Amino acid sequence: MGVEASTKAPHEAIDATSGVGIVDSVQHGTHRGLKPRHGQMIAFGGAVGTGLFVSTGAVLAMGGPAFILVCYLWMAFMMYLVITSLVEIATLLPAQGVSVSYYGTQMVSKSLGFALGYLYIYSLGILVPYEITAGALIIEYWGSPVPTAVWITIFIFAIVGLNLLPVSMYGESEFWFSFIKLVTMIGLIILTIVLFFGGGPEADGVLGFHYWKDPGATTTWIVNGPIGYLVAFTGVMVYSAFPFTFSPELVIYASGEMANPRKDLPVAAKRYILRLFFFYVGTVLAIGIICPYNASDLTNGGAGAKSSPFVVGIQKAGIRGLGSVINAVILMSAWSAGNAFLYMASRGLYSMAVAGQAPAVFKRCNKQGNPYVAVCTIGLFGPLAYMNVGTDSSTVFNWFISMINTTGFISWVCVSIIYLRFRKAWNAQGRPPLPYKRNVQPWGAWVTGIFFTALTLLNGFNVFLKGQWSTATFITTYIGLPAFIVLYLAHKFVACRNDPWAYPVGEINLQSPDEALTEYDTGVDEESASKNIWGRFAAKLK
């Protein structure tokens, strides 16, 4: 059977246990319309939304600047391990309509792919109204007389409409969105350096690490004393994951529509890694310098950028008018992130349909390669944003969001399992040449698997502290885990009763299903590199 897998036609992804093709041919499939610069800038900032610009304020208040800096450094390293494992698989086995659940089906079992696929569809679908709500509330910064529900409606049509356009137009819009976010983060870091050395209209000497001394570098949370610091650090570690959620997966979803994933994916991965360590870590270092953790605006429920630690810090420095500029960028970031989450969710649904694990109607594409049925279906999540207009319904909506961290942790645990199965199959089948390989693997997959398993169990740990019990919080925080297990076991015992729990490693297909991609060349497309600064920069990273 292992020999059969290695000789199977390159366009056909096989079921490792039966040899039956699990990926059907589609007359009008998705197109490889993303140019190298699209994929690279999507990797840089596609999923950067309000999580980084706004919710970091609440995390800063929870534990202080030292804890958030350490936790972001560690989380960035974990994301580096996740992205290297995913790109190693995806460059060897690129495919149209690819997703992490697709590789779960290929490397482990149909049941894992099924459960993971629907986990993604739900989680990414819920993040769409989350970003829509954030965008609508951010507009209140300017005191808009227009009702919030009107702005929500505009955002829904804007996000769904953009995703119904050809993928090249989605890529172009995300290129410029990411570029603006990139420039803004660079500008904010430069502003922080200026303020650090005593710049600013109300500066009274060098600011330095003043706020690390007063009110302090760390603080307690919920309880006092040494245990309080441990609780704060654990809470910061858990909640620091939210801005990273599903961002490595976005690179893989986009690879299904990259012009040449074997060339473009390694460059996109390098850009992603740069973003992690320079922009994410640089951002939290910056907010810890210009904003004290005990600033009341961080936790008093201010609208939009009023709760952003950058805006709080800018106001403390006496800089007028810049808050509106930052607010506009945060508004655009909410739109961009909503686009990215709808894109991933629709491609995930399309991928499930192509694999025969969702109704065939969802794999319908128009002549421009857009899976319009999947896009419109995921767009139905958008109206959930209206729940935030009412106080009671907004509480219910927040319950939906509470599940996201758990599903993100489960996703990364599954990525580790998928990669380890891939690596065993690669070893068992003679180690065919890998277009992309990093020495941090396979031990990196073991580290991420163990770490995110622990975070899955710790996600709602605070409800077990004295006086903190909340049945609603407990259920919404942990329900993602039993839901995933139920999906997995139900599929295993109903649809795949006779299949093994995991395919024998010698029978896993390590041949690309895409006939057009036969070269194992990697690196930067020279023609693209000569035409834009990002290409030349990526070439220097090789």
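Cβ coordinates are placed from backbone N, Cα and C, and glycine is handled just like the others.
What TrEMBL says about a protein is an automatic prediction, not a curated fact.
Worth saying up front: this structure is predicted, and the values here are computed from it rather than measured.
Listed features, source TrEMBL:
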- 38-495: domain 'Amino acid permease/ SLC12A' (DOMAIN)
- 41-61: transmembrane segment (TRANSMEM)
- 67-93: transmembrane segment (TRANSMEM)
- 114-142: transmembrane segment (TRANSMEM)
- 148-167: transmembrane segment (TRANSMEM)
- 179-201: transmembrane segment (TRANSMEM)
- 221-242: transmembrane segment (TRANSMEM)
- 272-295: transmembrane segment (TRANSMEM)
- 325-345: transmembrane segment (TRANSMEM)
- 372-390: transmembrane segment (TRANSMEM)
- 396-422: transmembrane segment (TRANSMEM)
- 443-465: transmembrane segment (TRANSMEM)
- 471-490: transmembrane segment (TRANSMEM)
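Among residues of the same chain six or more beyond the transmembrane segment (396-422), those with a C-beta under 8 A of the stretch's C-beta atoms are 78, 82, 85-86, 88-89, 100, 103-104, 107-108, 112, 116, 119-120, 122-123, 126-127, 129-130, 133, 238-239, 241-242, 244-246, 248-249, 384-385, 387-388, 441-442, 445-446, 448-449, 452-453, 455-456, 459, 472-473, 475-481, 484, 502-503, 505, 508, 510. As a quick check, the transmembrane segment (372-390) and the transmembrane segment (443-465) miss the bar of 3 or more Cβ pairs under 8 A, pairs 6 or more apart, so the two do not touch. Listed as Cβ neighbours of the transmembrane segment (221-242) (distance under 8 Å, sequence separation of 6 or more from its ends, same chain) are residues 51, 55, 58-59, 62-64, 67-68, 70-72, 74-75, 404-405, 408-409, 455, 458-459, 461-462, 465-466, 468. Of the Cβ pairs linking the transmembrane segment (148-167) with the transmembrane segment (179-201) and spaced 6 or more residues apart, fewer than 3 are under 8 Å, so the two regions do not touch. The list of residues near the transmembrane segment (67-93) in space but at least 6 beyond its ends in sequence, with Cβ under 8 angstroms from a Cβ of it, reads 56, 59-60, 100, 103, 106-107, 218, 232-233, 236-237, 240-241, 244, 247-249, 251-252, 255, 261-262, 265-266, 268-269, 272-273, 276-277, 280-281, 284-285, 287-288, 412, 415-416, 418-419, 422, 432, 434-438, 440-441, 444-445, 447-448, 451-452, 510-513, 522. Note: the stretches the transmembrane segment (443-465) and the transmembrane segment (471-490) are in contact (3+ CB pairs below 8 A, sequence gap of 6 or more). Outside the transmembrane segment (114-142), and at least 6 residues removed from its termini, the chain residues within Cβ reach (under 8 Å) are 49-50, 54, 99-102, 104-105, 148, 151-152, 155-156, 159, 245-246, 249, 303-306, 323-324, 327, 330-331, 334-335, 337-338, 341-342, 344-345, 348-349, 351-352, 355, 357-358, 378-379, 381-385, 387-388, 397, 400-401, 403-404, 407-408, 410-411, 414, 480, 483-485, 487-488, 491, 495. Long-range Cβ contacts of the transmembrane segment (272-295) within its own chain (Cβ-Cβ under 8 Å, at least 6 residues beyond either end) map to 43-45, 48, 52, 56-57, 60-61, 63-66, 68-69, 72-73, 76, 79-80, 83, 182, 185, 188-189, 191-192, 195-196, 207-209, 211-212, 214-216, 219, 243-244, 247-248, 251, 309-310, 312-314, 316-317, 541. Model confidence over the domain 'Amino acid permease/ SLC12A' (38-495) is summarised by a mean pLDDT of 85.
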